[in-house]
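Report on one structure; see the data block that follows.
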């Protein structure tokens, strides 16, 4: 059993720390590198006392630990889906359940260890200062964070085809509804790249939150300021566009063989980006943006997203060249928006995207760089 | 009677490398075996005929449906089953079937019977990520028989499917052929002439296709 544990530690725990070296370097620097060595202990004691003594602060810390826990569980599940690791199903599946649960616990605690160590010290500090309730919260939370992933790993082992978006609900939906092509890319992101879409959406939420904050601080609403934040959100969606093209190239070739006119293909493309941008629009609506400004922002975002996506139908458009065009177009759009000509930008970009699509879609095929 | 399919000055290159250069080719209704060595351009030729990849020149169906002037009608009349079909992992067989029925049309009751005959019914609601290569192949063959095509292109249809499905496939080809549907089939395995009465053999070589 000791040998099995060692192999699994190599597969999961060591790989996790190696793949996340940069993440831990940054974290280590932020926690220990920015403080004078002599003040390190008092700094962390104060930090711990800070979140143990304030419930909102404690909730933020627990949320950060939960995110790290999700990252850990996601890594283990991703390993199961990685090509070359299929042997994990028959081998781990052959073990008795109690032995397997112990292995899951060892693997997960090994990955979650940094939080366990910091949380353990924080709980000890809390008890020493008679902060029993927050200390108990930290302990209970971390115990739960070590236990719930075990059930997820067990489920994954017995349902290899079930992933983030193909659970019971999805199976129920599969029997009752058919997925329209406009949803294919959203499914792809949620099924196979949940962290990527989550990352982009969190970045956009941060950008918009900062935009609203600055608008409030600088004396009220100005659509030009909002449009600037919006444009940054559109640019942040650039990496999803590259993913979108790769997905279309790899899996959706069959759609080209369907007897559909070009405008239907274009509407499908527009539908994908309308759906993708709903969270940002909802966030703006929730911040009491006037309806007219909301409409302007929506039109601007859609015209930019569609133009940038349609640029990728040029055969030799790689990520680097695409980013150049995206930044150049954004730069011109920025000046139009600042000058109060936002709708002019929409009137140019939207027809341009349609023209590019109509001209390039049928002649597009995946370009293979022979030098690479 | 006009040719079921006519290729005029069809050229296809990958980047600067020419793969196909067909001055003229016309096929009458029937069942054709498309032969050629590995890399000769059989699959490329099928993808060109199916309208899946861009090419120079023109393909005309039944003398009046042009790949350039009537791209939608053109795609309605040609169906294509890939040698190694690849679909997004989260889609179910039903998702794909409904998409094909919704765009290509066709008789639902007839398709329901095909689903049963090909043995696809049991897993139609499951995501394709759970399918074996044989199951995936059967699904792609089912999709190729959906709608009202006049020409069906089958790329290596005999590989990976079980003997029972193979017998059904031969039956289907004969039935559709009797209704006037033309088939173009690539296969490295010899086609059983007792099962499939061939109208001719097409040979792909030197970037050209010739009817033998």
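Heads up, the Cβ atoms here are built off N, Cα and C, so glycines get one too.
According to TrEMBL, the feature transmembrane segment maps to A:21-41 (among others).
The annotation transmembrane segment is assigned in TrEMBL to A:47-68 (among others).
Taken from TrEMBL, the feature transmembrane segment covers A:103-125 (among others).
According to TrEMBL, the feature transmembrane segment maps to A:131-153 (among others).
Residues or ranges marked as transmembrane segment in TrEMBL: A:197-215 (among others).
Annotation comment: TrEMBL describes A:221-240 (among others) as transmembrane segment. Sequence-distant contacts of the transmembrane segment (A:221-240), counting only residues of its own chain at least 6 positions beyond either end whose CB sits under 8 Å from a CB of the stretch, comprise 189, 196-197, 200, 203-204, 207-208, 210-212, 214-215, 273, 276-277, 280, 284, 289-290, 293, 296-297, 300-301, 304-305, 308, 322-323, 326-327, 330, 333-334, 337-338, 340, 342.
Residues or ranges marked as transmembrane segment by TrEMBL: A:266-286 (among others). Within its own chain, the transmembrane segment (A:266-286) has Cβ neighbours under 8 Å at 181-183, 185-186, 201, 204-205, 208, 226, 230, 233, 237, 240, 244, 294, 297-298, 301-302, 305-306, 309-310, 354, 357-358, 361, counting only residues six or more beyond its boundaries.
Annotation comment: TrEMBL describes A:292-314 (among others) as transmembrane segment. For the transmembrane segment (A:292-314), the residues of the chain that approach it from at least six positions outside its boundaries are 221, 223, 226-227, 230-231, 233-234, 237-238, 241-242, 244-245, 269-270, 273-274, 276-277, 280-281, 284-285, 322, 325-326, 329-330, 333, 337, 342-343, 345-346, 349-350, 352-354, 356-357, 360-361, 364, judged by C-beta separation under 8 angstroms.
Annotated transmembrane segment per TrEMBL: A:326-359 (among others), in sequence order. Long-range contacts of the transmembrane segment (A:326-359) within the same chain, counting only residues at least 6 positions beyond its ends with a Cβ under 8 Å from a Cβ of the stretch, are 223-224, 227-228, 231, 234-235, 238, 262, 265-266, 269, 296, 299-300, 302-304, 306-311, 313.
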